[in-house]
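One structure below.
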Amino acid sequence: MNLSLFTLALVACYSSQLAAAHTVFTTLFVNDVSQGDGTCVRMPSDPSTATFPINDLDSDSMACGFNGTRGVERVCAVNQTAKLSFLFREYADASQQGAIDPNHKGPCAVYMKRVASAINDTAVGSGWFKIWDEGYDNSTQKWCTEKLIQNNGYLSINIPSDLAGGYYLARPELLALHQADKNPPNPQFYTGCAQIYLDSAETAIPKDTVNIPGYVNIHSPSVLYNIWNPPPTPYTMAGPAPYQPGISSISNTTGSKAAKFSAYTAQQNEGLLPQDAAITNANWWGVEVASYTTEAGCWDASSDCWNQTTVCYDCAPPTGDKGCREWEAHCTAIQKGCEGGSFTGPPVIVKTEGAMTMAMTATIAPAAEQTGGVYAASSTVVSVGSLGVSEDGKCGDGNGQTCKGSLLGECCSQVGYCGSSESYCGVGCQGNFGVCG
């Protein structure tokens, strides 16, 4: 296996990305916990253009960004009224700091769309409703994007309290107006989508929805506003007014269509991380190879491991490939064992410092106001009794950490990771290191 092929291809991709950076939504935080770079996020697949703006306001890219009609394999679970934070980066892989160029001034908004499948829905078309927006703040004399820069790229909102449970696409949007005064005008949109499952017993469905693309066009005043020579009239946000719980909604408990929609989203059944996932990178996960005690078994395991490595690199998003490189190191160890006559394995996976394993980093941000806003994040570590409360997603005998009290879920799975779904809390759950059942 010539590993340099992976390295050369990635260097070429990331070098081209550095040439022209704007911004891209890379990471979803749920209640201040990072779900991992690229995890549950629809984002552009080409690193060289991932941060480029959407200039065609009539294109399907307006829904969830470039390549946004294709879903990813993971869906992140969120609870009722959860705080969602969307991280924007000027460089998708965080190779350099920055959220967006200070010159790119303009408004922000967050939309949601209830869907039958967060993975399979194309996102294009009707059903989108706005839950928050902010344009120019007269009190601070700053545009929303300027606040975003001040807060290291974090934009945070609370999910409306009465939204019906089920699958949703959550869509943060930035609009840069620095070239809106040109001829022809060049408003620049930056957006992406997070695939989420809302665990809620509430029943409200917003009735005031719009089409994306379609809610705004090149003739809309909101995209032609001259920020360098502002008119006397205040800026008007694009799209509908934000949804207000209990006011602009209907119940989903009436009507055959609503009843059917409610029935098959009563419990999350797609996009879950398998219990046997050993390492993740964005929406990919590696499954440990079968145990072996013979030379043939060793080489079979090596082949399986390298095949998974190829898939990981092939589907790695512009946010990077840290988990792939960690998995690659595991495959190298297996291969060297086979070559050296060590036919018992596989060896224990060695996780390198800072690798994107389980894609879960406990990161705490200041509490979000009910109307949303932009906030910076900081980290925290807590411990209880003789066991430390897990902040990296790992638990069990090997590391002395419990999931009890963890932001990542209170159940410790059979393979030693924290979570809250049946895969973590059911068969094999380690009761000594968390809650089961």
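FYI, residue positions are counted from 1 along the chain as it appears here.
Quick reminder: no glycine exception, Cβ is built from N, Cα and C everywhere.
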Check Swiss-Prot: it lists H22, H104 as binding Cu(2+). Then name which of Y168, Y190, Y197 it lists for that same site.
Y190
Say which of C411, C412 is recorded by Swiss-Prot as the disulfide partner for C395.
C412
What does Swiss-Prot give as the disulfide partner of C425, choosing from C403, C411?
C411
Of the cysteines C13, C108, C144, C193, which is paired with C64 in the disulfide recorded by Swiss-Prot?
C193
C429 has a disulfide partner in Swiss-Prot; which of C418, C436 is it?
C436
Densest Cβ neighbourhood among H22, H104, H178 (binding-site residues), 10 Å radius:
H104
Other than H22, H104, Y190 themselves, what residues in this chain have Cβ atoms within 8 Å of the centroid of the Cu(2+) site's Cβ atoms?
T23, T51, P53, I100, D101, L174, A176, Q188
Rounded to the nearest Å - Cα separation of N120 (N-linked glycosylation site) and C395 (disulfide bond):
33
Looking only at C193, C395, C425, C436, which of these disulfide-bonded residues has the biggest number of Cβ atoms within 10 Å around its Cβ?
C395
What is the average pLDDT across the domain 'Chitin-binding type-1' (392-437)?
73
Can you tell me whether DSSP puts N307 (N-linked glycosylation site) in helix, strand or coil?
helix
If H, G and I count as helix, E and B as strand, and all else as coil, what does DSSP give for C425 (disulfide bond)?
helix
